[in-house]
There are 2 protein chains.
Amino acid sequence: MIVTPQRMRFDQPLPLQSGAVLPSYELVYETYGTLDADRANAVLICHALNASHHVAGHHADASGQPIPKSEGWWHNMVGPGKPVDTNRFFVIGVNNIGSCFGSTGPTHVNPATGEPWGADFPVVTVEDWVHTQARLLDALGIERLAAVMGGSLGGMQTLGWTLQYPERVRHAVVVASAPNLTAENIAFNEVARRAIVTDPDFHGGHYLRHGTKPRRGLRIARMIGHITYLSDDVMNEKFGRQLKPLTDAVQAGAVDEAVRLAYRYTTQDVEFQIESYLRHQGDKFSDYFDANTYLLITRALDYFDPARAHDGHLSAALAAAQAEFLLISFSTDWRFSPARSREIVKALVDNRRQVSYAEIDAPHGHDAFLLDDPRYHAAVRAYFERRVAHSLSAGGRA
Amino acid sequence: MIVTPQRMRFDQPLPLQSGAVLPSYELVYETYGTLDADRANAVLICHALNASHHVAGHHADASGQPIPKSEGWWHNMVGPGKPVDTNRFFVIGVNNIGSCFGSTGPTHVNPATGEPWGADFPVVTVEDWVHTQARLLDALGIERLAAVMGGSLGGMQTLGWTLQYPERVRHAVVVASAPNLTAENIAFNEVARRAIVTDPDFHGGHYLRHGTKPRRGLRIARMIGHITYLSDDVMNEKFGRQLKPLTDAVQAGAVDEAVRLAYRYTTQDVEFQIESYLRHQGDKFSDYFDANTYLLITRALDYFDPARAHDGHLSAALAAAQAEFLLISFSTDWRFSPARSREIVKALVDNRRQVSYAEIDAPHGHDAFLLDDPRYHAAVRAYFERRVAHSLSAGGRA
């Protein structure tokens, strides 16, 4: 499935939750499948911290050939014959503003100054993102979504949709998410932000002007984040206490087994396999991710809290939702534990909403929402086939 | 209880596990209570990452008055009438080499160069520390310890004692510890080390020569560590999602409640209480702790693994131990979970050793080993009164 990103410009100023106004912006988005005549089969996919509009399919090179390894971040979930079947649904992926994969964000030029926004890019929230996504749907002529779906922060946007545009969402699929962040969640975000902000190459967020990039901070931020996405079990299974092997030439017999397996007694070098893996993850991330984007998106995570305006009562907050829900959590996810999903389930049940809930016993921690566990995918597939599609064939237009 | 640190010099070269040799070194230590005529009532306390020889009591100012807030790090555990009762036992606290609280370490002058050791200080292990502690006891004329006790990394030293000097230890009290680190434990140590090492003020570990200090890295390291010491529960209870209040003047009525409780929509400033707390912890730590010490001590944590020389079989590794054990773990400790202590208990039971085990249902995470939970302290007190003291009155000298 070859896909091409599209770009849409919005010149009407966008009032933000913070009180600031974004004078204009552009959204990059991709669509997969075909919008039916009723315009009723659209499914919006909301992305999390380190993802974009490129949800599924491949990009093509100049000759139209699929670029290897260019599949979208949820390629195992969305596509022809996949759990979210693009033979049946018109799926839309949008890159959120403030991000760094094409939509207006801190690396873009601020029209008022002619310089990149940098640290001056306004703080954005889940609520703001949902409004921008709704405007895109207006432009595409889609009044009502068959479903909104997302994992992690994408799940928060999904929940936000059901509260901000209750009549525009038939089904909400919320995966590995939570009604807000705990103190521990905020703590990890804050350490990552401090690593970035205190990097001398950050220059108060104006690193683009200085021609620098706070790579040290981005690497640390990514390493921290990565540890929280994995589970203790999967890290032990994948890495355990294994040492990083010496180079291949050395391994190929030139060095005795005891030496190869010995500690090297260093403090600054890689010795354990897990160290090598984390450093690699940090290096890769620091190549492509934008530091101000990292700050903006983790803040959006921190702020999301629908119950806050209801004195902490989630049931009161979710009374506005009309959608039918599917929630999924993973047993070893310690970032957004199953208990957090169950809070949402309970609040929906309190409001007599229709909700399905699956707690998948998977070893992969928070990362599991991106992987292809068969029970997880079967639950999503069944929901889309029996509940989401059912709404369509029942001709359920308002 | 006023105490004064003492210093002892060791001129005999110390062969280290790494193969290097430390030509000479000094140990700073404190003692509490009185060594009995048999020299049989000595209890050695081993410290963890962020602690020292100053286990209990207060230091005195020039006029002999106790300095306020100068109590030792285990002041609630050790002292007259405390669970480790200095009216009965002669308790010794030693600062390990490589640390930064007085014993020879990276901030000390390398006699070979006349410059501070810095990054050239040799890598040290739990095994090395136990040997230096044994030499101190030799100098104090103590052949056999009534007990060795420690929490976390101190617990690892305690376990190490029973394997390296099986006949010198009657009782081993191992609190909130583990037989080795998991991949996740190593991962957190590695991120902290990378934050320090990549701080431009680290200068490859030779920051003392440059007159700098990698404070950014130390702050990040401390923040990360701190999150892992606390439990999700205690963080939610203590901080939750509370915002840091605006200044007192503002709070005292000048600003309306809604404003005071509102998000401020910033990305680089403190907004949540937990952020303020963590930044403060990081700032304090970066004032007094040495960066090379942080690298050395986390490496010692990474390396400790008695089962490693036995193909991963802890039961085989613990066959050498002759001591009687008390192990204690805390239910919400996710850094060294109760399961880790149970591995040690099982291995001891496999070897038909006498072992007592208490798993304390405490909310405070790994930090609990330093706090005064009544059931925890009662368990330690009972063990010292009934088991450790019993060995003494039974006149059990070899």
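For all residues, glycine too, the Cβ spot is worked out from N, Cα and C.
Taking the Cβ of B:Ser152 (active site, nucleophile) as reference, residues of its chain lying under 8 Å away and at least six apart in sequence are, in sequence order, B:Ala48, B:Leu49, B:Val175, B:Ala176, B:Ser177, B:Arg335, B:Phe336, B:His366, B:Phe369. Mapped onto three states, the DSSP output places B:Ser152 (active site, nucleophile) in coil. TrEMBL lists B:Ser152 with the feature active site, nucleophile.
Non-local neighbourhood of B:Asp333 (active site): B:Ala176, B:Ser231, B:Gly365, B:His366, B:Ala368, each in the same chain, at least six residues away, with C-beta under 8 Å from its C-beta. Look at TrEMBL and you will find B:Asp333 (among others) tagged as active site.
Its Cβ placed at the centre, B:His366 (active site) has 23 other Cβ atoms within 10 Å. Per TrEMBL, active site is recorded for B:His366 (among others).
Take the CB of B:Arg222 (substrate binding site) and look out to 10 A: across all protein chains shown you find 24 other CB atoms. Residues or ranges marked as substrate binding site in TrEMBL: B:Arg222, B:Asp367.
Under the heading domain 'AB hydrolase-1', TrEMBL lists B:41-371.
Taken from TrEMBL, the feature site 'Important for acyl-CoA specificity' applies to B:Arg335. Secondary structure at B:Arg335 (site 'Important for acyl-CoA specificity'), taken from DSSP and collapsed to helix, strand or coil, is coil.
Taking a C-beta cut-off of under 8 Å and a sequence gap of six or more, B:Asp367 (substrate binding site) has these contacts in its own chain: B:Tyr229, B:Leu230, B:Ser231, B:Val234.
Mean pLDDT across the domain 'AB hydrolase-1' (B:41-371) comes to 95 in this model. There are 23 other CB atoms within 10 A of the CB of B:Arg335 (site 'Important for acyl-CoA specificity'), with all protein chains counted. When secondary structure is read from DSSP and collapsed to three states, B:Arg222 (substrate binding site) falls in the helix class.
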